[in-house]
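As structure tokens, the structure follows; a few thoughts come after it.
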Amino acid sequence: MTRRAKTPRKPLVKKGSQTNFKDPVGVYCRVRPLSFPDQECCIEVINNTTVQLHTPEGYRLNRNGDYKETQYSFKQVFGTHTTQKELFDVVANPLVDDLIHGKNGLLFTYGVTGSGKTHTMTGSTGEGGLLPRCLDMIFNSIGSFQAKRYVFKSNDRNSMDIQCEVDALLERQKREAMPNPKTPSSKRQIDPEFADMINVQEFCKAGEVDEDSVYGVFVSYIEIYNNYIYDLLEEVPFDPIKPKLPQSKMLREDKNHNMYVAGCTEVEVKSTEEAFEVFWRGQKKRRIANTHLNRESSRSHSVFNIKLVQAPLDADGDNVLQEKEQIIISQLSLVDLAGSERTNRTKAEGNRLREAGNINQSLMTLRTCMEVLRENQMYGTNKMVPYRDSKLTHLFKNYFDGEGKVRMIVCVNPKAEDYEESLQVMRFAEVTQEVEVARPVDKVICGLTPGRRYRNQARGGPVGDEPLVAEVVLQSFPPLPSCEILDINDEQTLPRLIEALEKRHHLRQMMIDEFNKQSNTFKTLLQEFDNAVLNKENYAQGKLNEKEKVISGQKLEIERLEKKNKTLEYKIEILEKTTTIYEEDKRNLQQELEAQNQKLQRQFSDKRRLEARLQGMVTETTMKWQKECERRVAATQLEMQNKLWVKDEKLKQLKAIVTEPKTEKPERPSRERDREKVTQRSVSPSSVPNAPPIRLRHRRSRSAGDRWVDHKPASNVQTETVMQPHVPHAITVSVANEKALAKCEKYMLTHQELASDGEIETKLIKGDVYKTRGGGQSVQFTEIETLKQESPSGSRKRRSSTVTPAQPDGTESEWTDVETRCSVAVEMRAGSQLGPGYQHHAQPKRKKP
């Protein structure tokens, strides 16, 4: 299968880490045998990396005889005769080796229902699958280096704690004293139901296991059913009356941003039997059902996690180093996915139909994630990968982000009925193996001296050392007889000693001859070996020269490509800088445009506010001057009317004077009554005891139709003037308040003060009430009326009760002027100091005919 080239991009190198290499997802294909020999086959294995799909006969008829063959390539294809051992050696063995060396791994089986996924993962009687073989390889590698039980203790934060030997011993005694221990014991008899599955005949072991560390193995088993996560190892107390349903688990993120299942049970195991017993206990709780395609169809995705904990020994090599930071945790996840299926073929109904929908939905999310990852890597895009759309993809998103190797086994059933489903599976595999995953970084353990474990064991003396060569030689000689001579006549001891020495000398001579002979033989062999080595060196030198020529040619090619790469990088850098400059200019222009728009908006808002303000001022000024004009016109009309009345009065007086006889001027009753009233006002009440009561005249306001606030302070003095201010429909208050102002349109303040002549002067200050924007009221004063009581001065003559003769010029005397003015009352002319148009006029008294 041809892969598309990625967009050229300079790889980033993180500081302090390995080069950021990437490996594609390893996708393998396994073809299961047909159930019956006479079944029609639609899949053919071409070679060890390629399979070919044939269109079945029924589909050809439906497609007008269109015959189409499609080939798909994989990393390796396993035919129908492949054994579980061959599959394990190629696919799972490297993952287990990485697990022991501190790296994570993910292996999952994918395919349609009935394609052999569970058989591949778990195995069958007499033929163990990948899971028991992985467990067997792990315990074969770390068997003698395992820590005692409960030295490592899991917590709920996806990490491990270390306990000392004493705490671990107390924990073991406590667990053993429990009536039903949760942890499986290695002393139990193996369940015969799965005994044949874990009986692996082939011995497999990882190489280069760190002997200065201790290891612990923890397993957990979960299932994802209807997009909910359930713990298959959780112990739920049995209640026959009200059975308790299992509770779903939540996904959490640890401090290293790795996803894990919160509250999941993790069991520490010490052997393959214990681990598989835990797996089998959870397997019995897994949801399976009988469908039309498979008698025992998995209705959920199962995940069996093997967590390997590694911690170094201390400097003495006796105990585990009590530093949590030095713990290395690696994990291998074995996933058995539920089969994708079409509901019209499975004849599913009710719950089975809903389960099939959720299974297909989660597998579709997995396929979408793979497609987005491939698109991001091939085209340099940065689309968000929808991991969170499914619990399955969300749980394993860290693996696709570079936290471990990912391997997938595509299981297919070659029967013709599964052609369309197998075609979809092949397309998904084609997408998946184009996804590249970052290679995990090696984890380094603390730099303690290697060989600590065995050096500690050898402190008591050499163990198993071979005896020296001299001792062997001396032991091969015959023993010497007793050399003690007690008698001077002893003739046996010396001959025996001489004989023994001669035997030893003869044996020594024989050994020397044998040694010389063997040394000559060894020299000959050594010379032959030297000649062979020399010949091989010459041959190797020739080959090396040829390789050096090839290498030099490749170096030249590499240099050329590097120069070309540098040129392209330089061009890319220039383009990036140009793009950055353009983007900066674009941002600046956008900011300037936004600033101008904001400025225009502010100016437009200010303009609208100014227009509204000016409109209000114009309206207010117009209304003010309209009122002012109305007041002025009314004042002028009133003034002209008063003048007409005065002239009319004078004309009447002149007419009366003209028509009267010359001898005696008759007394005018009207004038006499007026004069009496004036006299009564000037004299004290005691001098005129029988005077008739005076009717007070009230000044009527020109705005009688409006509501008024009559503000009369409590300190005002009641006057006895003829003219009193009277405003109908008024609210009288002693202190101005907002409640009274809100109900009225006019305001009048009665103010009293002492004038210079000692009389009380009353001012009526009037104003209009306006509502403010804040919801209150304001008063704008418009006019002032002044009421003042005056006594006639001594220089001015008062008219007596006698009749005064007329003046020669025909005009009335000064008394008549005073009387007329008193009848007109107070008059304030326009243009006075009180302001424009502020006047107060009283109605003149009309003479009776």
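All residue numbers here begin at 1 and follow the chain in the order shown.
A Cβ is built for glycine as well, from the same backbone N, Cα and C atoms used for every other residue.
Bear in mind that TrEMBL entries carry predicted annotations, made automatically and left uncurated.
TrEMBL annotations:
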BINDING   GLY111, VAL112, THR113, GLY114, SER115, GLY116, LYS117, THR118  ATP binding site
COILED    544-613  coiled coil
COMPBIAS  661-679  compositional bias 'Basic and acidic residues'
DOMAIN    24-435  domain 'Kinesin motor'
REGION    657-707  region 'Disordered'
REGION    786-849  region 'Disordered'
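Positions of the features from TrEMBL, shown on the structure.
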| residue | record | Cβ contacts under 8 Å, 6 or more apart |
| --- | --- | --- |
| GLY111 | ATP binding site | LYS117, LEU337, GLY339, SER340, VAL410, CYS411, VAL412, ASN413, VAL425 |
| SER115 | ATP binding site | ARG32, GLY339, CYS411, VAL412, ASN413, ASP418 |
| GLY116 | ATP binding site | ARG30, ARG32, CYS411, ASN413 |
Q: Give the number of CB atoms, excluding that of GLY114 (ATP binding site) itself, located within 10 Å of its CB.
A: 23
